[in-house]
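Record features, source Swiss-Prot:
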- 16, 30, 42, 126: substrate binding site (BINDING)
- 52, 57, 89: Mg(2+) 1 binding site (BINDING)
- 57: Mg(2+) 2 binding site (BINDING)
């Protein structure tokens, strides 16, 4: 599956930017509390609402680092299921789709085990100094990622104008299985 990902955070940055759907702007949310930096470009899929009330997140693996707000064509190769401080926070995993160096990568196994371990390690540790708990439930294939994307597109259509906290509370009641670690 090929999608456009809007970059929030460049690769190797320790600045946590956040997109605000109401203002349509990206702003600085915080500086990461520790020494961690994002291992890959990090962004979102504008038309898809994840179960945490934010746009569906996506990592874009590329040699380059892209500025916040830039749209990058990406090939989705899988996903990482994650619970962040009690909320579902799925990360689609993709590679840049306009660089011939990445044309051979079609699934997570093409990345290699070490790259996946780096991604998992970053997300397991980047909030430790904030005393927030992150649970990685595991990696999923591209078919699972496509299904999750389609589900999140439907959530955006139905609930995209709803307040974030109201949405999360409603979803926790209606779909408690989505919030279990």
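Just so it is clear, glycine is given a Cβ too, placed from its N, Cα and C backbone atoms.
What Swiss-Prot annotates, mapped onto the structure for a quick look.
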residue	record	DSSP class
16	substrate binding site	strand
30	substrate binding site	strand
42	substrate binding site	strand
52	Mg(2+) 1 binding site	coil
57	Mg(2+) 1 binding site	strand
89	Mg(2+) 1 binding site	coil
126	substrate binding site	coil
Chain-mates of 52, 57, 89 with C-beta within 8 Å of site centroid, Mg(2+) 1: 50, 51, 54, 56, 82, 84, 87, 88, 90, 91
Return only the integer: C-alpha distance in Å from residue 16 (substrate binding site) to residue 89 (Mg(2+) 1 binding site). 15
Quick one: largest C-alpha distance among 16, 30, 42, 126, binding substrate per the record, in angstrom? 15
Out of 16, 30, which of these binding-site residues shows the lowest number of other CB atoms within 10 Å of its CB? 30
How big is the gap, in Å, between the Cα of residue 57 (Mg(2+) 1 binding site) and that of residue 126 (substrate binding site), rounded to a whole number? 16
Would you kindly give the Cα-Cα distance separating residue 52 (Mg(2+) 1 binding site) and residue 126 (substrate binding site), rounded to the nearest Å? 18
Euclidean distance between Cα atoms of residue 42 (substrate binding site) and residue 89 (Mg(2+) 1 binding site), Å: 13
Students should find that the Cβ of residue 89 (Mg(2+) 1 binding site) has, within 10 Å, a number of other Cβ atoms equal to 21
Quick one: pull the CA-CA distance for residue 30 (substrate binding site) versus residue 52 (Mg(2+) 1 binding site), whole Å only. 18
Any idea what the Cα distance is from residue 42 (substrate binding site) over to residue 52 (Mg(2+) 1 binding site), rounded to a whole Å? 16
